[in-house]
Every structure is written in C-alpha cells, then in structure tokens.
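Residues or ranges marked as active site, proton donor by TrEMBL: A:142. Taken from TrEMBL, the feature substrate binding site covers A:105, A:141. According to TrEMBL, the Zn(2+) binding site annotation covers A:109, A:147, A:149, A:152. Annotation source TrEMBL lists domain 'Glycoside hydrolase family 42 N-terminal' at A:8-377. Marked as domain 'Beta-galactosidase trimerisation' by TrEMBL: A:389-592.
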C-alpha cells in the first residue's frame, strides 16, 4: 500500500508500438496506476448491436501485465455518434431551449431511456470482462451541466410529485400566488429556462422554488445515471466505485451524491496559479463528503490546463507542492490528466507527463519522476490517515444556489468567495478544518463557521445553538438563515435570532468600488463592501461598527454570549484582514491555531495515520525560503532529516516537510 | 379629497388572519388606498370554464369594509398556466425567434385571439362584480416588451396595409430598392428580428423603416389589448381607467396611448439613488401625456428595488422627499409597491411597507407612517393643481427609436441622456418645464427645447419657426430634423435650415474618451464629446467654437435671430455646464429662472391649485442643510411655519417646504 | 488607359431627373467609372417567372451614353423577398442553429439549389443583355459568413468524402478516438456549430479538424456560387470577372479563390482612421493573391463608414493620401462606395461623393474632385506596374483559423496582430513586401517572414530551409510549424527544428498586463507579453533572453546559421520596437531597407511600370510636414516638380510624391 501515482492514459489513441515506450517512461517515473477507458464508448460499442473489446482488451491486458493498478472507466463520459443519430433523445436541450446534435461531451440527456439503457449495458459488459483486474471503477466522467428536454420535464414532474405530494403543497412551497402562477395540473409545469421563468441567464429566476427544485432534480437525475451504471458494475465486481467530482462545482450537489460513491475522487483544476489556499478548501470539501474519509486526486495537470483563456504553466516545484498538499488534506492517490498528450482535438496542448516529442528529459517529466520517487520512498504511512479537525465550515449547495439566484441582494456577491474568506482565515491560522454538509454531526467541533448560509434546512438552527450552548463558537454572516428549504422568507424573527442576538430589518447594497470602513474595539479598521446589514443588537455585544453612510456608528459585527459559548454575526463583506482577526479570536479562544499562524503562505496541515501516528505537513507556498522554529522533535519523512524542537526549520521555496 | 396614499396590496398571498394586522398597520400609517388584484387571473379564472371570486370577494370586501379607496386591477398582467398549455399561441416569440413556454409575466402575445378574448372576459366579470366599490381601474400591468410570432406578423401586415395603403407606398417609405428589398407581396414581410433585418440586437437594423413601423405596431397592438379590457370594464363601470406606465420606457410610445387612458399613472423606479433630477423630468413627461393633468404615482419602493444588480436602500428621508417631489410635479396619489413583502419569488426582497417580520418599529415603516400623517394633514389643496410652465421640452419616441437604431452615428449616443442634459439645465435653474409630444400646442411657451429630435413629423418645423417668430427661443441640437417619419433623409436643405441658419454637411464621431473643448465668447470653455457637427453658418451667429482637431475654430454652437426670437443650435454633446449656461441665457431672456438658480440640488417647482392658489415647492436634495433667502411672504404648508420675504429660509437635508 | 476613378452608383434608387445632376457632378470630379447594379436582383427579377430590365436598361444605357467605364454586377448580393418565401431553403441557418427568414443581405445559403439555379440564370441574362458595354463583371458582393443548414451538412459530407476518401482517413485526420468521436457513417457528421462541437462561439471547438474542414468547405461552397455565375457570364462575355474581397477577412480563404478571379478587387474599410500601415499590408495581401498583378480598389469611403459603433470622418487629405497609397501598392482603379448617399436604410449616412443635400461645394466633394483631376493628369503610367519586392511574408488562412480555435494557447493572441507587427517592421524600414500564400515560389526573395505559421502544409518546411540554404533569411515565431494540415501535433521534433536549431518543450501564457522584458546583446530591452516559449537552443545562437519569471536568462529570441543564410526564431510577442530591430537586421543584411527607414510614418513604396520605369511613392502620413534629403534625381509626377539628389525634399502633412 502506498499513495497511488499515475493518471488518465489513453493508449487507444496510439499505435501499440508507442505503448512500450509509455511503460518504459512510466517505470522511469514510478507510475504505478493508470485510469483507462474514460472515453471509449465509441470504441467498445461501435454500433447499437456490436460490442468490440479488441482494443480495450489490449489496453487493459497490457496494463495488467505491466503490473499497474487499474482504475477502469465505464467509458460513458461521451456517447457514440451513432447513438445521437439513432436516438435523437440522447442529446440535450440547453437552457436556451435548443436541441443539440452530436458533438463535444457531457452531452447525454440524463432522462433519456436510450442513454440509461445503453450506459448500464456497456458498464455491465465492461465490469463482467475486466472485473478481476480492476482496483477501482470510474463511472462516467465529470457529471454536470443540465438538460431541459421534454423527457426531463416529465422526469421533473415525477420528481415533484414525490417531493411535494400535491399541487397544493407545491404551489405553497413555490409561492405561486405571486404573479398568478398557481399550477392546476402537473403538466403545466415546465423546466425553468430562458424560455420560461428565467431572464439574463440561470441566476435570474422569477421563482426560486422551481429553479431550486430543478437543480435538485437535475442533480438527482444524473445521480440516477451513476446508480444505473454502478448497479450494473456491482453485478460483476466488488471493487469500489467512484466518479470524478470537480470541487466547488455549482450544478451538482455533491452532498446528495456522496453516500452513493464508495470513495470520493476529484479533479483539481484551480482557476489560476496562485490559489493554493482555495485548493486547500476544496480538498477539505471533498474529504468532507464522506465524513473525512481519504479521497483520490483523480486528475490534475502536470503543467498547463488547456481550457482557459490564458493558461499559465505550473512553475517549477508547484506540481510537487500541490500534489503533497492533496496528500496533506486527505488524498490516497495522486493522479494526472494525462499520461501522454493527444495529437489532436481540444486537449492536445493540455499538460501531459509525456509530451508530443515523447522525451524523458523535459522539465515536466523530470518533476513528475522526482515526485514518483518521493511517493515510492514514503510508502504507505499516510494511506487511510484522517484529519483531526475541530473547526467545521458548513458548505451548502442549496444556499449557494439560493443566494446567487435571488433578486434584491447584491449580484456581485458570490457564495464561494464569501466561504473562501472564512476558510482562508482558518487556513492562515494553521488550524485544520472540515468542510461539511449542514446535516453533519457538529458534536466534535469547537468552532463552526456558517458564512452566507442563506437557506436553513431541518434542525440546523437548533444544532448551531447547541454548539454555542456547550461552549463552542459559531460564526455566521449577513443573509444567513433567512429562508427555508423552498427559499421562502421566514416570517417574524428568523430562527437564528436568539442565537445571534441581533435583528436585521434591512440592508444596503453598494457597487464594488464603494468602501465602508468597519472599526473594531482594538482600534483596527477594515474595509467592508457590497452588502451592509443594518443591525439592531438585541442581546449581542457590538464588536465592529460602520464608519460611513447614514448607518455610521451602528453595528457591523456582533458577538452574542450564548450558553457557555458565543455566536458571531458579521453583517457585511469584510476585507480579509477583518475576517482573519475575528476568526483568529475564535480559534484562540479554543486554542486551535497552528504553530505558525503569523507566517504568510506557510501552510500547516495535520493527519493522523491509521495506526494513530500524528503527522504534520508544512508547505511553503512562497517563491522565497521561509525559516521558523520547530515546535516538536520529529523526523521529516521526505528526507529523513531529524528535527529538533526549538531549532530552526528552513523550507526552500515551494518546499514541503512531513514531520512525524 | 386628499392625496391618495397606499399602494399594491396582495392579501391573496396570505391567510386572512394576517389581513387584520395589515389594516391595523395601515391605520397607523394613514394608508387610505389599496391597489388590489394586479396578478389574480390565475385565482379568479383557475380553469378555462371556471371563474372563482371567493378570494377576491374577500379581499375587495375587506378593503371596502375598512373604508379604503380601491384601485382594482383586471389582473391580466400575467396569464394563468392553464392558458399557456391549452393555447400555446398566448405565449410570446422573442426577438431571437424562440417561442416561450409558460413562465414569468408580461408574456402574453398581444395578437393572440385567446388572450384577447379571455382578458376582456375576465375584465368584464370583475367590473361587473366590483364596479360599485371601485374608485379607479387598473388594466393589465406595465405593458411592454414585444412579440415576433406569426400572429403578430399577420397583425403587422394588416397594420401596414392600413398605414401605407399600397406596397408601392411601403416600398417607397422603407426605401427597399436598397439591398434588393422590394416587397411584391404583403406576406413577404416578416417582423424585423434577429432572424430577419437585425444583427447585434434590436438597435441594429438594415432598414429603419420596417423596425420603426414594427415598434409602432407593437405599441398599438398592446394598446388594443388595453382597449379590449377598458371597453369590457366600461360596460359595467364609469370609474376612470388607467394602466401603470414606466416613465422613459423605450418599447412603448406613451403618446400613442395617452388619449385612451382616463388618467395617467406610472411606476417610479429610478435606476439609482441619486437621480432626482431625472425623476423630475420623468414626472414632467408623464404629466405631459395628458396636457398637464395630474397623475398618480402608482408605484414606488419604500426602501429597495429588488430587480437591479445592486440595490441600494433609500437613505433616511429620501422616500419622503421623492414622494413630495412627485406631488410637486403633478401627482394626486402617492402609492407604493408593496404593502407587505411577499414570502417567496423574485420580489420577496423588494421594499415593502410591512416587512417579513411584520414589525411597526422599522425605519421604513416609521418613515411611511410619518409621510402618511403629513399627507393627511395637508388635505386636498394640491389635488387637481396644474404646473404653470413656460418652457416646453419636446420628447419623441420616434426620434428616440430612430436615433438609436441608425448606423453612421455614434452608438454611444443615447437619446434620454441628451434630453436629460437639457432638462437638467432647466431644472437647475428652477424653471418649470412641460415635457410634451411634438404635436403639442406650443403657443403658450417662451422657450422650446428640442434636443436630438432626429425625426421630424407633420408641421413641426413650421410650428417651431412660429415660436421664434413670435419672440420665443428654440434650442435644438445635432442630428435634429434630418429625417422624415419613415427615417428617410431629407434631400436638399432640411426643414429646420432657415430657422437655425446653419448648414451641416458632415459630422465627426469619436470614442467617449476623446474631448474637444468648446470655447464661448465669455471666455468659458466646456468639454464636448462623441459627436461633432461640422457647421457652416448661413445666417446664424457663432456662439461657441471647437478648440481641437481639423475643425478647430469652426462653429460648435450657434444662435440665429429669427423674427422676434432666436434659435440655438448645439452641434455637439456639450458637458453639462455648457448646456446649463446656454439654456440659462435663454431662460433669462424670458425671465423664467426660479428664485435660487445657483443653489445646487435645491429643487423649485410650482403648482397652481384648482382654486388658483400658487404654490412653490422647495426640495433640498442634499445631504447637508441649505439656507436661502425667502423670495416671498408665505406659509409652509407642512409645518404651518410662516415665511417672511427676505428672511433666511433653512432646509434640513432632504427636507421639503411647500410655500403658499 | 488611366487609373479608373468612380465607384458604386445606384441610380435605381432615384428618379431619372436626379441622374442628370449626378453626371454633371461626375464630370466635375473627373469620375470615369461606375459600378452598377450591385443589389438589383429584386428589380431585375421581381418574381420567379418575370425578368424586367426596364430600369437597369436605363441605368446602364445612360452610363454607356455618358461614356463611362462600366463595372456591372450580377446583382446577387441579396436575393429577392419572393425567393425566400417560395424557397425557404435559400435563407441561412446560423451558427446558433436558427433558420433565418428574409432580411438583410449576405443571406443566401450557398448550397441552396434554388439560389444556385436562379443566381446563374440572372447572371447569364445580364451578361447576355449588357455584355457589349461592360468593361468588367462584378459577381455577387463581399462573399462571406456561413450557413449550417441541412443542405450544407449534405454538401459538407460530399466534400469530406472527396477530401478524405474514407471514414477511416477522416477519423484519423480529426483524431476522433478522443472523446469517443469515431464516426461510423458519413451521415453522423454534423456541421460544427453551437449545437454540436462548439462552445463560447466559433473559436472554441472540441475538434479543430472538423471546424477547419467546415471552414474550407464553406469557402469552397461560396466559391462554387461564384463559379456558377462566372460560367453563366462567360457564356456571353469575355470581359474580366471579379468579386470584391475584403482584405484580411477571416471566413473566406482568398487563396482558395484567387485563381478563379480574372483580377482581384477589394473593399478597403480599415477599422479606424490611423491604420495606414495595416492598409499597406492589406493591399500587399490582395496583390499577392494573383502573383503580384495589379488589383482594383473596388470600394472605399470618401468620408465616414456607417457600420461601426463610432465612425470618425476621414480628415482632410486622408482620402487622397489613402487613394494614392492604394496605387502605390498596386491599384489600377480607385473606386468609392458610394456615388450618391441613399435616402434610407442602414447605409444612408455612409460617406458618399454626393450627399443628401446634393451639393458640389462640400469638403468631401471638393477633395474627390481634386483627386479626380490628379488621376486624370497622371494618365496611364502606373497602370499594370509591378512591385519589385524581395521580402515575402507568408499569410495563411489555415494557420489563422487553427491558431485562434485551439485551446491551450493564449486566447488573446490574434493572428493578424502578430502578422501585422512583422509587416510593420518591413514597412517602417521602407522595404517592399509581398504577402503570399505558403504555396508561393520563394525563389525570388531574400527575406521570408513566417510569423505564427502554426499549421504547416506540403513541402513548406523544405522550401523555407532552401531560402536559408541559398543565403536568405527566414524569420518565424512561437507556435509556428507545430501542426499538420489537420491541426494534429507533429510528434518528435517538428519539421522546422533543424532550420531553427531550437527545441520548445513547453510555453507559458500570461494575462495581457504581464510584461517580461527581453534583453538583446546590444543592451536594448523590449517588452514581451502573452506567450513565452521555453526554448532549448540546439544549434541556434541566443539573441535575446527573458528578464523575468523562472525562465529569466533563458532564450527568447534565437538565430540559427543555416547554409549560407540564417533562421530567426522569436519565442514571444515582442513589442514593436523589438520586432523592428530584428527585422531591420535581416533587411540590412540583404540591403533591402528603403532610403528613409528612420523617418516615422513616411511610407516608401516602389513600382516598376509595364515599360520598365521605376517609380518611388513617398507618402507622409503625419499631421506635420516632413523633410528628407532626396536620394535621386527625379520628377514628381503629381506636380511636375524636379527633384535633385541631395536636395531637401519636403512633404506637407498627408502629402504624396511620385518620383520617376
């Protein structure tokens, strides 16, 4: 057992003579794992009645013969061209109401009977044929997008019947007396799209209720596709089944999916080349999907991503550093897309371990091979390790959706950015964090963050109050807890009122350029922007006050003693230093900050091995070296260097230490 | 009789126990008027053959029992879901050629036989049932948008036959020998859309003639919808009928509608929170629709509007100040949208007199109640009063449309912005202004402004010349009077040439960042941008000259003595101080400036009551107090405070005086 | 024989009494040539079975009677309205999948049987009727755009069969094993559009292979339309046939068309009013289409273009200067759009020799008449002259398309901008340049520029090597020569490796604001942006090195001695001074710079007359006068002024000299 290393490998694109060279290079780079067959449907089922495993037999057979760990895909990430022609229903109708013809990928209607039948069939055939050599199953690929066709409309109506029971309940949930929208027949309900309830795109809807439900339905419809294939696989193989998630991917509520996956895997394509803090959060979020269990980093690029407008190359050391970061946050596998660069099509310039020239002396290959050696030398110690976090951050797709599709707020507010600011404060302080669903057991956490948790479900209000009641700290912000699961406003005092000890009758919104400075008791002042709650403290103490506008001097940030604990309320978008300061106060109250909270961009993360051994990961994300004082006697697992408590500890630029 | 106070009230969204609390709060706030039933079609006609007035009976009955003035809607602002399913023709086809399914509102095809039949039927039923308790009728809601379906195409052809008489006349009007466009059959004519004559949206058309006619047709088609319902109402009730307009709303030519309304009402949602000057103009424009008769302010928000990307809250005092501004410009009613905030859907965060918490101690409620008390105390003095303006500004939808859909100009030119600059000059000077159609009688005006009046209809050129001939002043600008009603260029000297005394052979256009300073005889210089006429003075005197480019030193602004009066021509987009200065010269020539023309943001407006009593409104729009010297002995009607000519007159920030 | 002068003339839009005035004005301006009938199809064929030449007889007859040179159009630039109604297939389906109805122009599906039949029929009728008075034929108008209908899909499949022979070959060329795209039946192939292979518009395709082929097919499909009409014309007339091209127009590969035209003509509408260097290149590109043969400047505006968002007027002298620039680069005709301004439709404000006022005393008319006199006085000396260029720039539509539709590069890279930078360096130095296809004979050139030549076809790599081998200089850049004709990456060392002597394993991309300074041996440093090759020199010498980022100090620009010559490689987007410097070094090596390479914006161009007389054109593009020293004894042909070698030579702002 060790951390798996390798990635997506598409030898079916190449003549077999190339394969030999590939494996020679894999050996050079200590690559032990290949993900095969992600887009092979057209190859394995070249016509409706023809299955042809000639090529896949060779591909899988060679990988097995070479002794690699095999993650085998069902290959259904793109349907074959013949299927779109024979069954036009398999292609999607987009948000604009247009039926697509054959092309690209991620293009199958999740409600299509043909797609569902054929995808399960091919998945079963593959599982039957290769079950004995496969370590893990990779179903579909990066599920996402949405379809608005008639079949989906019918499926939506069925889903609504099951959810709401009656049209009366649905009309009540969606608040359809507004704008004369009462539905008198299920068949009157159309998917919410540019042709029905929306204008200016998916975030502008006349009724949040229908749009929220459609997103839930669409997430469930694709989950049904996953289940179709998983069931077909399970009939022939007990190997664990996953599909590759995409981190903070808005269209799919991964919390609705997590229990169906045997383990979580995800593709890490950060939006730029400086977002290591963001990535730390995304790893935590993916780890949180299954209660903290380790995950696979299913894809990352060794160098550039091809799909953005501007694609910067990963600087020297960055690929290594980010790979170890994944391990620090719970990865049991470090995999790349892709092993060899395609000759053609839109990903031909996407980074690859082996480039078009096929060389083993490129910078990229050398860095990959060096990492491979490190991973091989480390062995299995971290496999199965857990993160000992006492800080939880509630992440909620429903709140994300609701916040960004609701009129009357500030359209510049983006849920992930708000969440990331609170995560970053914890990350900077060096405290471990679990990003968990609102249904998670909060019993083990000292600090619970619930930024911008607009939509309140179930008994969460009570459970948050319990956190404070037992001495913990809750931190939440503007717009939290204002609407129920149907995005209907709470009437009277909303559920979090007594915990927070404040009332908010109204808010102001301003363009991004407008700054209102918020002053704290310690004399500091930080910029606030975009959204400004006008707060009436009830039982809460005022911690920060606005400095400008007609609400100058009124509360912007409050803290309410509650039971043995406290609840913070932040009524505005504070600049990062403000968020850092108040989160730090909460962490310090519980003694949760790491050893180096004041060293910028020095990441600290902990894991506890299956055998109970605590490990501390230190990652220097800076382009300069950093030196700190060791807080323990330890050994660096990557170099074997002993570390003495109190002695200087030096990390080169982008370097990583794993202290045992 | 007093100024009506209240607004849109949707108790059908609430259980009846809430209604009692509503009326308690209405009493607290002196709310005497409710607009009911704006979106009740789905409720009153839940199926094609079913009318059900149970809820509306209760709603209207309760309002009547509570002694409120009732403005009752026909409820046709959105058709029911069943109608879209049973009659797919009732939904619209958009500019992109897409047939919409059921959703949102403002979605009924104006040419749909089903919509026309059912809307008239339901309007009649409602009028029959509630005619005896209704003070005013509210037909439809915010008519607007456009449809491009086959039924509209057929209606368009009929409309064209009536307008042009023959295809030869139409081909001539549209200039169809250009680009081989001669129509040989009426059925060859398609609505001008993204699929036919347009590219890059509604403002880029290959033929202005067809697009102008389609806009006129669409405006008329919706007017026919209004007439359908009004006729149905009139069969049962003599109460006055209106619909709520939207100020400078481009798609509908309100001048084509005005005579059909018994009184004008409009919804005031300014685009930002600092546009009081713009609002003053919009009030003047709405008042001008029916020859200066008072109007209703049918909707305004008490706090925030929900529909914009960023929705700032109205600062303390702003709602009051803007309400009185409406009265100062002719409002006999001050109404809000909405009385109680919806729990769900896209307007749930739109400002409301009563918020989700249902409190009477919010800032918003207190301000509404205070205004209610002021209005109650003022009584009926202003009701029916008129504005004694001697300045007219010609506003013309045809010119707006033509200017913004024509190639060869500067696409950064926006008709409303040009118009508003000239209005602002008059407003700043404290002179009353009527915004009137080009067909208005100009006999009573000393100064007539016709900025950017691109399209010249009827005998307007002669009537403008008469204004100058009898001693008045005409002010016009670049691009005025160049095309006829079909947007065909005039040949030879265009009709305004002799009045203006200039010739313009060509113009230059520049990006917004390019400035050309225009110098005046008094030594001042102001920036000019975007459009630069190259002017050859014929009989006019040069007032301002360009300072840069190859036309440096040539005329930018001219003034032509004509009869006993004069005509100014402004050949470029002057910065506001330049417009202010030249308009001020014209006003001063006629002694029309108000008492405080040099006090920024102190608005002055006059009304003369039905009994002949002159009133002067003073509104301080600043966040600071302002002090001026009283120009008369008077009494402030809001406080009863006596005012002595020559004594200091102090207005607090956002304060209002009504001097009698 | 003289340079033809005149332009598009549409008397069919006017009553005949206007025609007389037109010809009076033509005489005043020495206008000898009229292009007639460009949009007359609706007039000549008012119904399917009716041809009516009444008006065109009068138009052509009058022009002939007035003794003008007639360029007669077939009139098929827009089909008649009746045709769209009777044959809906003639309208296009757009990239978004929408079938258009009748409207605008450039709207005929190239694959429509109705369009092909009727267009050939009308072209033949016109040729038969007017062949004896016509000097040149103008087929269609500004061919362009694209159609995505079912007929085009069928045509595409036929085209693909002819090109690829088999589906196996096609699948291999398009690399369809990627994303499961293998096509098993020709009918599975759909046009690549927003509904199939594209997202975010025409430049984002999943498969470059299909999109490249569709562009080639579409270019060929319209060429077939041209051939249809040309064949119909040729049946009745031997006069030369052309159509008006549009310079660097991306949708049509003019190199695929050139051999079908009897002579090249093009419409010069630069994107702004300062792009004279760009225009010089476009003239060179158009001249290069037919091996350097002179072309017609078919259209230019005398003052403003109407179609842009902001339309600046041509400054005094600019129209003259730019007209002579066309002659300097190979024009045998200088023609305007348009002779008289339309009264209506979208081009009514487009510049015209005769404006709406019909005056002969406007600035525009006077400048046109003055130019007319100059051209008349010059006579025929330049007609048929050739450009003696020893510098070639390879321009390639395939590379343009491939570069801008490929993921993994920097989306801010624009092929024309890269090309123009290299052209500008040559232009500034005063060297003549031929812009030629990659198939051109390179034997006569000392310097060959191949910037951003991404896609390598045929034996070009070998022919470029020959240039260097025989002592010439080749200059190429980043991203050149990386893919084959199907946009598949070359494997191993790409074909240009030995010529260039460098290896590029990877590149970096950065946002436009990021600058990396490149330092040269002479101590200069210039900014580089957007794309940064990481270069490993093999045999090449390093000429410039990066100054920043992790590749600081590594090669950015190299020069490889090869045979008797050399090959430069520029790995980044150098700012213009950097390109200027290295191109100048190459030119100087071959003694190719003009006499005034260091005088900014003084253009130098040479032609050699049919009789062998060398001419030098000097154009001062500055707003200030410029003075240089004459490099020869000569006579200025426009003024007759003698010029003495060594004496001062003064050019007024915008002035032109033609030295013989």
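Placed from the backbone N, Cα and C atoms, the Cβ positions cover glycine too.
Note: A:105, taken in sequence order from the binding-site residues A:105, A:109, A:152, have a C-beta within a distance under 8 Å of a chain C C-beta. Cβ neighbour count for residue A:105 (substrate binding site): 19 (other Cβ atoms within 10 Å of its Cβ, all protein chains included). Ranked by Cβ neighbours within 10 A across all protein chains shown, the binding-site residues A:109, A:147, A:149, A:152 are led by A:109.
Spatially close to residue A:141 (substrate binding site) yet at least six residues away along the chain are A:38, A:39, A:73, A:76, A:77, A:78, A:105, A:106, A:243, A:244, judged by Cβ distances under 8 angstroms.
In the three-state DSSP scheme, residue A:105 (substrate binding site) is classed as coil. Residue pair residue A:109 (Zn(2+) binding site) / residue A:142 (active site, proton donor) shows a Cα separation of 14 Å. Annotation for residue A:142 (active site, proton donor): same-chain Cβ neighbours under 8 Å, separated by at least 6 residues, are A:77, A:106, A:243, A:244, A:245, A:246, A:267.
Compute the center of the Cβ atoms of A:109, A:147, A:149, A:152, which mark the site for Zn(2+); besides them, the chain residues with Cβ within 8 Å of that center are A:92, A:93, A:110, A:111, A:112, A:148, A:150, A:151, A:153.
Secondary structure at residue A:152 (Zn(2+) binding site), taken from DSSP and collapsed to helix, strand or coil, is helix. Computed over the domain 'Beta-galactosidase trimerisation' (A:389-592), the whole-number mean pLDDT of the model equals 98. DSSP assigns residue A:141 (substrate binding site) to coil, not to a helix or a strand.
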